[in-house]
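Visitor: In case it's useful when we look at the structure, here is the feature table from Swiss-Prot:
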TRANSMEM  12-32  transmembrane segment
CARBOHYD  Asn146  N-linked glycosylation site
CARBOHYD  Asn204  N-linked glycosylation site
CARBOHYD  Asn271  N-linked glycosylation site
CARBOHYD  Asn297  N-linked glycosylation site
Amino acid sequence: MSSSSATKRKKLHIALFPWLAFGHIIPFLEVAKHIARKGHKVSFISTPRNIQRLPKIPETLTPLINLVQIPLPHVENLPENAEATMDVPHDVIPYLKIAHDGLEQGISEFLQAQSPDWIIHDFAPHWLPPIATKLGISNAHFSIFNASSMCFFGSTSPNRVSRYAPRKKLEQFTSPPEWIPFPSKIYHRPFEAKRLMDGTLTPNASGVTDRFRLESTIQGCQVYFIRSCREIEGEWLDLLEDLHEKPIVLPTGLLPPSLPRSDEDGGKDSNWSKIAVWLDKQEKGKVVYAAFGSELNLSQEVFNELALGLELSGLPFFWVLRKPSHGSGDGDSVKLPDGFEDRVKGRGLVWTTWAPQLKILSHESVGGFLTHCGWSSIIESLQYGCPLIMLPFMYDQGLIARFWDNKIGAEVPRDEETGWFTRNELANSLKLIVVDEEGKQYRDGANEYSKLFRDKELHDRYMDECVEYLETHAHHEV
């Protein structure tokens with residue numbers, strides 16, 4: 001690029017609209033901050049409660065990031081004040097999608113009035129690309145998922161889809177699909193495939209499938225951004241470009257988050273002070289950190305095995321057990337086994353409010369992460385070389401676990417049909433990863449990968465390339 005063309009390039013106005021889940025909202029916010037650091041104006045669109053719950057934006061960027069609140073329409077069966085997936089049980093999420101689709105008019109009016117150069121959107125607003133096209137606004141799809149998982153879900157291109165029969169049988173999801181041309185162990189266990197088919201491939205209360213949403217938003221975009229990097233998923237990124245017949249699939253890098261300063265944590269630093277006191281008393285590299293995201297609702301039976309497995313391991317543990325804000329469903333009614341807290345007193349800490357995950361993972365006493373395998377959690381853990389004890393439950397979590405299994409951690413053994421695991425299997429997995437000699441390979445692997453995951457310069461270069469694409473391909477550029 002010549003210096004004269006760079007000089008002529010105008011500052012852009014870029015809007016971002018993530019799906020109503022904080023596992024999506026936070027990576028979108030990281031992208032927004034990087035765009036703002038390049039001097040471009042950003043409009044970050046969500047609903048009022050979600051905007052209020054965002055982490056504090058650095059003061060240097062607040063003049064460039066406008067937080068746009070569009071009220072979520074009232075929908076029957078959706079609790080009042082429920083504006084994100086963490087606010088509702090899993091079976092109510094389709095009603096959140098109905099409300100999300102009700103944002104179409106507000107989004108359309110915003111785009112018409114503000115005429116941004118780009119809108120970067122998620123998988124959910126299937127109606128958005130045609131609106132942007134009609135208004136002459138460029139649009140980009142940003143996938144917060146990793147490339148290997150997205151390849152497993154297949155092509156969204158009409159030309160490619162016609163070459164393969166649609167997957168309708170369970171066994172088609174429990175082996176690597178035919179369009180993956182290289183050896184792969186990424187596939188679903190039967191219990192995961194059942195949940196996937198129920199939740200993704202059949203129309204829900206919103207009237208459309210998640211598959212339709214994904215196809216519409218990818219096929220309607222000019223560029224496909226994805227939270228990945230070539231150092232980890234090079235062949236998968238090439239395959240993704242081929243599958244979707246998109247000339248441009250750009251990795252954003254991993255967007256590794258930085259440890260927040262005390263003035264950026266929304267007044268929650270007192271939580272960390274208490275946690276740090278406890279962690280400081282523990283032996284280096286021996287604490288199990290256990291957390292399963294904000295959406296998981298566990299049955300009492302599964303909950304018991306988790307608790308008793310942690311106890312049986314004999315290891316010190318810090319377990320984040322967040323009560324769901326919706327006040328209903330399995331996750332709200334589960335109770336710790338009788339006498340559990342007394343038996344683990346001093347060795348195990350059960351934490352029931354917000355916890356600063358990144359700070360915990362960065363603490364030297366933490367030696368293993370018992371995780372549901374959300375992509376953001378994997379990235380945060382491997383930044384600090386923390387090996388994984390993997391216990392996936394839904395969505396793409398099983399695919400991510402297969403990708404990393406035997407590299408930087410191991411999955412807890414389970415019944416493949418039901419997903420059941422026992423306290424003994426969990427305890428053995430915890431000890432393997434954190435203290436056993438046989439687990440040293442996983443600890444070493446996680447430590448080696450940490451160099452790549454925390455390489456801020458590398459990941460910033462990926463985002464720089466994405467921003468450069470936005471700068472040179474906006475419809476409104478003069």
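Cβ atoms are placed via backbone N, Cα and C, with glycine included.
Can you walk me through where each of these features ends up in the structure?
Guide: Sequence-remote contacts of a segment are chain residues at least 6 beyond its ends whose Cβ falls under 8 Å from one of its Cβ atoms, and for the transmembrane segment (12-32) they are 40-47, 50, 53-55, 57, 65, 68, 72, 83-86, 96, 100, 107, 110-111, 114-125, 128, 142, 144, 225, 227, 252, 255, 257, 293-295, 374, 376, 463, 466, 470-471, 474, 476.
In the three-state DSSP assignment, the secondary structure recorded for Asn146 (N-linked glycosylation site) is coil.
Using a 10 Å Cβ-Cβ cutoff, Asn204 (N-linked glycosylation site) registers 17 neighbours.
Around Asn271 (N-linked glycosylation site), the same-chain residues at least 6 positions away in sequence with a Cβ under 8 Å from its Cβ are Thr353, Trp354, Ala355, Pro356. According to DSSP, Asn271 (N-linked glycosylation site) sits within a helical segment.
In the three-state DSSP assignment, the secondary structure recorded for Asn297 (N-linked glycosylation site) is coil.
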Visitor: Roughly how many Å separate the Cα of Asn204 (N-linked glycosylation site) from that of Asn297 (N-linked glycosylation site), to the nearest whole number?
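Guide: So the alpha carbons of Asn204 (N-linked glycosylation site) and Asn297 (N-linked glycosylation site) sit roughly 19 Å from each other.
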Visitor: To the nearest Å, how far is the Cα of Asn297 (N-linked glycosylation site) from the Cα of Asn146 (N-linked glycosylation site)?
Guide: 24
Visitor: For the glycosylation sites Asn146, Asn297, work out the Cβ neighbour count at 10 Å and name the residue with the minimum.
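Guide: Selected from the glycosylation sites Asn146, Asn297 on minimum Cβ neighbours within 10 Å: Asn297.
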Visitor: DSSP on Asn204 (N-linked glycosylation site), three-state: which is it?
Guide: coil
